[in-house]
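A.B. asks: So TrEMBL lists these for the protein:
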type	residues	note
TRANSMEM	12-29	transmembrane segment
DOMAIN	16-471	domain 'Major facilitator superfamily (MFS) profile'
TRANSMEM	57-78	transmembrane segment
TRANSMEM	90-109	transmembrane segment
TRANSMEM	149-173	transmembrane segment
TRANSMEM	179-200	transmembrane segment
TRANSMEM	317-337	transmembrane segment
TRANSMEM	349-370	transmembrane segment
TRANSMEM	382-405	transmembrane segment
TRANSMEM	425-443	transmembrane segment
TRANSMEM	449-467	transmembrane segment
REGION	505-554	region 'Disordered'
COMPBIAS	505-514	compositional bias 'Basic and acidic residues'
COMPBIAS	542-554	compositional bias 'Basic and acidic residues'
């Protein structure tokens with residue numbers, strides 16, 4: 001029987017990926033759960049908004065949108081908290097806060113209590129969303145880091161689906177239970193993740209940054225071998241981590257001041273890329289696309305108000321909730337595809353493909369919505385179909401990309417801070433779009449869809465100009481990739497091990513046919529063209545998996 005406290009090799013990699021996925025499943029569930037709650041008549045009555053006269057759309061909007069402010073606050077705090085507590089303890093703290101917030105939401109007796117609970121819950125979710133991608137990226141091997149983080153994003157979509165289908169089933173139950181239970185059910189996933197962190201190791205890069213060298217080596221040994229700290233593969237990665245952190249220490253980068261300074265490592269450039277990717281995700285339309293089925297329909301935001309949207313389309317409440325569940329299935333299916341494509345085609349290819357696909361579908365939606373507003377109601381199905389298709393395309397590209405790219409591009413000393421800023425930008429963009437979308441739909445109407453479509457086209461420009469490919473590189477290679485020429489020259493002389501493990505690993509996999517070569521050309525190592533023969537990494541043989549205790553031995 002597997003000793004859960006001492007998972008090793010592939011079992012440990014799989015466990016860490018699953019637990020990270022549970023964290024994003026919780027994130028998705030939390031995003032989708034309010035769709036059914038705010039549409040529930042019992043909830044409206046309990047909050048004093050059960051009639052048309054007493055209904056306050058602004059107050060409902062505050063209950064939903066202020067959650068994002070809590071998420072942004074939690075995400076921004078990880079810059080300090082994540083470096084202080086480490087990745088695992090930060091996730092535990094986020095889960096604990098989220099569970100307490102879920103209890104308060106479930107027990108809410110008035111609007112004020114519900115708003116406080118939503119903000120408090122958001123702080124915990126913000127901590128998790130800013131930390132989990134970093135933890136997963138720091139644990140994953142270069143060749144499938146993209147697939148691991150994309151798996152998290154896929155479970156985000158799955159979490160949205162769970163929320164929709166649960167609320168559809170509870171629609172046929174009377175009383176307060178149909179809206180209180182879904183709010184309480186958040187704790188189930190939060191407790192799984194909290195307990196799961198006790199079976200997982202700390203990030204080896206965080207350990208090395210805190211001078212816990214032996215613990216770092218042991219984590220690598222558990223990941224790649226049967227706890228053999230002398231195995232060449234473990235030594236190779238440890239050398240990379242050690243040299244990368246030493247390079248950072250020579251630059252003295254630790255504070256927010258260095259994060260927003262150019263310096264030799266171009267940290268400001270990295271921050272702008274990370275935050276820019278998250279802003280592009282939000283302003284690509286995912287949280288601003290509403291289905292205005294007729295000229296006088298009240299606009300709603302799709303991620304939070306999908307059930308209400310279908311109600312406004314003339315559907316019964318039950319059918320509206322069913323359609324929300326159907327939409328979530330296509331969203332999830334789209335989100336599964338990057339697990340198989342992102343490490344094969346590369347980050348940039350999916351960025352381009354996602355933006356183009358989103359632009360095309362939104363422009364078609366805008367044209368169909370124009371017809372609806374002109375009285376041609378037969379165009380309504382086209383609006384529904386292409387919004388669902390838009391969601392699937394978004395899931396296949398930008399859903400995971402916006403979380404993956406920032407987790408890769410920062411040096412270890414600034415990774416928590418940099419990712420906290422990019423995640424904070426995500427939540428800020430989420431909030432802004434959620435606030436302005438109703439106004440846009442009221443006054444701009446079908447032009448709103450066209451505007452988001454045009455923005456997707458414009459976003460192709462910064463991707464082409466400023467976003468380099470990171471596919472297949474170790475985090476230490478990426479660390480040097482963004483630096484200036486002087487820093488790269490220093491890396492060649494004092495950090496010769498950077499690039500060894502990823503280059504040898506790719507060479508070994510391709511030669512043995514165990515991995516399809518990436519169609520996205522892997523940029524040559526920014527440190528060296530070939531592995532350093534003086535490094536322990538050079539001892540790795542192409543057939544090292546034949547050793548009984550070889551990498552990912554089971």
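Each Cβ is built from the backbone N, Cα and C atoms, and glycine gets one as well.
All annotation found in TrEMBL is predicted automatically rather than curated by experts.
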A.B. asks: When the pLDDT values for the domain 'Major facilitator superfamily (MFS) profile' (16-471) are averaged, what is the result?
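C.D. replies: The average pLDDT of the model in the domain 'Major facilitator superfamily (MFS) profile' (16-471) works out to 87.
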A.B. asks: Report, as numbers and ranges, every residue of the chain located at least six residues beyond the transmembrane segment (382-405) whose Cβ falls under 8 Å of a Cβ in that stretch; write 'none' if there are none.
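C.D. replies: Contacts with the transmembrane segment (382-405): 129, 133, 137, 145-146, 149-150, 152-154, 156-157, 273-274, 277-278, 280-281, 284-286, 289, 291, 293, 302, 313, 323, 326-327, 330-335, 337-338, 341-342, 347, 350-351, 353-355, 357-358, 361-362, 364-365, 368-369, 371-372, 426, 467, 470.
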A.B. asks: Cβ under 8 Å, sequence separation of at least 6 from the ends of the transmembrane segment (90-109): give me the contacting residues as numbers and ranges.
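C.D. replies: Here the qualifying positions are 23, 26, 30, 46, 74, 78, 81-82, 116-118, 120-128, 131-132, 135, 180-181, 183-184, 186-187, 190-191, 193-194, 197.
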A.B. asks: I need to check the long-range neighbours of the transmembrane segment (57-78): which residues 6 or more away from its ends have a CB within less than 8 Å of a CB in the stretch?
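C.D. replies: For the transmembrane segment (57-78), the list is 30, 34, 38, 47, 49, 90, 94, 97, 111, 114-115, 118-131, 298, 301, 304-305, 416, 419-421, 423-424, 426-428, 430-431, 434-435, 438.
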A.B. asks: Short question: most Cβ pairs under 8 Å with the transmembrane segment (349-370), which of 149-173, 179-200, 425-443, 449-467?
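C.D. replies: Between the candidates 149-173, 179-200, 425-443, 449-467, the best contact partner of the transmembrane segment (349-370) is 449-467.
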A.B. asks: Restricting to the same chain and to residues at least six past its boundaries, which positions have a Cβ under 8 Å from a Cβ of the transmembrane segment (449-467)?
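C.D. replies: Beyond its ends, the transmembrane segment (449-467) has Cβ neighbours at 269, 273, 276-277, 280, 283-285, 288-289, 347-348, 351-352, 355-356, 358-363, 365-366, 369, 405, 440.
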A.B. asks: Cβ under 8 Å to the transmembrane segment (179-200), counting only same-chain residues 6 or more beyond its ends: which ones?
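C.D. replies: For the transmembrane segment (179-200), the sequence-distant neighbours (Cβ-Cβ under 8 Å, at least 6 residues beyond its ends) are 4-5, 7, 12, 15-16, 18-19, 22-23, 25-26, 29-30, 33, 36-37, 40, 42-43, 88-89, 91-92, 95-96, 98-99, 102-103, 105-106, 121, 124, 128, 159, 163, 166-167, 170.
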